[in-house]
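I am attaching a structure below and will ask some questions about it afterwards.
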């Protein structure tokens, strides 16, 4: 990779970000396509988000991804947000078009494409979603679009779960309930169980958002976390013979849409998966 005075700079803002595979994905793809770009990470504490976004804009950063905990709050500091991202209430990709910061959400389609790669048909099924933040909003939208019968949103902060459940009910005219994380234990039947929280990510690798007993009830378990590749949540699934997947395919698929927004080209997903396997 050659960096010169015309190199376009892209990046990721979040807190933490040192676990991220996004630099590997984008930098290897820039190189493969002979695109003069570089992708770096910026660890931005919540109280510094506004200043960080202003700084990225002032420096002419061409685009950036947004990860936890900024997917919702970053919307306050953008010049434009797409209708879909506005509806979802979360942005994960920003394009700088001549000083105008435009926010997009590629998580929804990234998750849908991930389900297709996994050959997991969710139509008519019941889903439990752990967490009610920006990632959860995208997952709930994706599940609703793909035709699940119902969604239960479980979150430590009940009012966030309630607000999201009410919004999904209204937007999609479907059954969507909410409960606390602890109350998930009381459900006897859990078909699809999805973790959108950061519990299990470094440095909380010894924790799971729910108990092994809850995971064992599920038919399919999905963890948006991809590093570590097998969280305790997913270890519970493997131990109990439950089909499961981590968030790697969602990461790659949403990244391919972000890459397209920045460059006008999709990257080679097979090449990217090969690169990741080489690193992990």
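Backbone N, Cα and C define each Cβ position, glycine as well.
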Need a hand: Swiss-Prot gives 83, 131, 132, 133, 134, 135, 155, 156, 157, 158, 159, 160, 224 for NADP(+), which of 103, 110, 247 is also on that list?
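For the NADP(+) site that includes 83, 131, 132, 133, 134, 135, 155, 156, 157, 158, 159, 160, 224, Swiss-Prot also lists 247.
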Given Swiss-Prot annotates 20, 21, 22, 67, 107, 226 as shikimate-binding, which of 36, 92, 240 belongs to that site as well?
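When Swiss-Prot describes the shikimate site, the candidate it includes is 92.
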Give me the long-range Cβ neighbours of residue 157 (NADP(+) binding site): same chain, 6+ apart, Cβ under 8 Å, in sequence order.
132
What is the maximum Cα to Cα distance, in Å and rounded to a whole number, among the residues 83, 131, 132, 133, 134, 135, 155, 156, 157, 158, 159, 160, 224, 247 annotated as binding NADP(+)?
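The widest Cα-Cα gap among those binding residues is 29 Å.
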Between the Cα atoms of residue 107 (shikimate binding site) and residue 71 (active site, proton acceptor), find the distance and write it as a whole number of Å.
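About 11 Å separate the Cα atoms of these two residues.
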Which has the fewest other Cβ atoms within 10 Å: 21, 132, 224, the binding-site residues listed?
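21, out of the binding-site residues 21, 132, 224, has the fewest neighbouring Cβ atoms within 10 Å.
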Which Cβ among the binding-site residues (20, 155, 159) has the fewest C-beta neighbours inside 10 Å?
159
